[in-house]
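Listed in TrEMBL:
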type: COMPBIAS; residues: 7-43; note: compositional bias 'Gly residues'
type: REGION; residues: 1-43; note: region 'Disordered'
type: TRANSMEM; residues: 64-82; note: transmembrane segment
type: TRANSMEM; residues: 166-189; note: transmembrane segment
type: TRANSMEM; residues: 285-304; note: transmembrane segment
type: TRANSMEM; residues: 310-332; note: transmembrane segment
type: TRANSMEM; residues: 391-418; note: transmembrane segment
type: TRANSMEM; residues: 430-452; note: transmembrane segment
Amino acid sequence: MNTSGASGPGDTPGPGGTSQTGDGAGTGGSGGAGGSSRAGGSGRVGGAVRPFALAYPSPTASRFVLLLAALLSAGAFVGGWLHEQLHDDWISVAARCDAEAARTAAGLTPVERRALLPRPESLVPPGSTGPAEPGPIELGRYELAGAHQVLLERCLMPSARRTAGFALGGVALAAAAGLAVLFLAPVVIERRRRLRPLGPMVPQAAERVAVLAAEAGLARVPEVFLGPATLRDGYGFGRPGRYRIVLPQAVAVRWRKGELFDPLVRHELAHVAHRDVALAWLARSVGYVLAPLLVLPVVVMLLAADRSLLPGYAWRVLLLAVTALLVSRSLLRSREHDADLRAARAGGGPAAFTAILARARDQDASPWYRRLPAYHPSPARRRAVLERPELAVDVTFLDGFSAAFLAALTVPLVVGGLTGVLTTTGRTDLAFLVPAVLTGLLLGGSAGLGLWRAALVRRAAGGPARVVPVAMG
């Protein structure tokens, strides 16, 4: 994502170098001779500070991390449940291994037991200053317990590795499905929506798009298509590295009306500049990835004689699916704010966009539970963010809840998988260390980074950061 703070073509330098119409001055640099910018470049509009919210990593990036975590965690979760259904003898295997390990350990000599231990010094009786000689009753009990544990882990190792293999297989399946969506969605969209290249139809509009793309700093002009007559708003699609935008016919033929044509095109070009077009279609299509994946264990359980695990699986998978859905919709709404702010900075200022949004039918009065699954923020919310960019970086209850939920879901999955892999290495402690590090990265990269960003931007705007919603989550 390009977060350059260079002034856009529509910015008018004011006193001291601050921007009067754009979304702030430079990214963290001085606004001009005798003037400075605060917190990543802030400008003043009518005496009010306008922080440049895009000078920092976008909330969209943090939410995409959460979406990826949800997708991959779902794969590991499904893999673990499938293993339990297809290999339901794990309880009898564990009991058999325990009995065999106890019998074998009891028949070993003290020297043989000590030879089994990867680190004999770790089993020194409490209070000792160093390794004790074989013989004392206390040490004998420690040796017996240690040998029993090693033999038990060796016996269970094939089952544990098979469990880890199922979990990794689920992760690979989820990742492959996500990649398939990224690269197949553009093909499906272009064929099903009857799109036509804009150039041969309205060449003047295509030329204007090229001019606006150059002003937006794009090295390559995206392909532009003309949508069907029923299309009312523009959108972008494409795979990474090859993006395309689609314009409504009613807008394309009015290419001379800069107050209508330019803001819409600048908004779509801002999405291209942020490189979030393909990721947005993954977020929109996450249900197509998760639904068959999460239903697979249900089908297996319905075909099996024992269905006792179905209720426990159902509520867990429902919570996971709802969390992934809400995170994806939150990501889609936040990327719209990113594009609005970048497009307003590129030319015309916030007023050009708020004027268009003022004409749209506002659904901000709808209940909160209807706004949560919405793909787009309401026009009123978009106008509010354009006027006060600090609103775009707030960390919500959903951000905190989803990060905590996914961390709690991921830890036992990773612990179980790594334990089977590390059993014979003597470093099973890493099975707990690695999940702790991953959890820290997940929480820090989402809620932690979001709070840091919100604190800086809110401080530039002269207000405190809101920490209660994310803490409650």
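From the backbone N, Cα and C atoms, a Cβ is placed for every residue, glycine too.
No curator has checked TrEMBL annotations; they are predicted automatically.
Sequence-distant contacts of the transmembrane segment (430-452), counting only residues of its own chain at least 6 positions beyond either end whose CB sits under 8 Å from a CB of the stretch, comprise 57, 59, 62-63, 65-66, 69, 393, 395, 399-400, 402-404, 406-407, 410-411, 414-415, 418-419, 422, 465, 467, 470, 473.
Long-range neighbours of the transmembrane segment (166-189) within the same chain, counting only residues 6 or more positions beyond its ends whose Cβ lies under 8 Å from a Cβ of the stretch, are 71-72, 74-80, 82-83, 195, 237-240, 242, 244, 278, 281-282, 285, 288-289, 293, 413, 416-417. Counting same-chain residues at least six beyond the ends of the transmembrane segment (391-418), those with a Cβ under 8 angstroms from any Cβ of the stretch are 53, 56, 59, 62-63, 66, 69-70, 73, 76-77, 80, 160, 163-164, 167-168, 319-320, 323, 326-327, 330, 334, 337-338, 341, 372, 384-385, 428, 430-432, 434-436, 438-439, 442-443, 446-447, 450-451, 453-454, 457-458, 466-467, 469-473.
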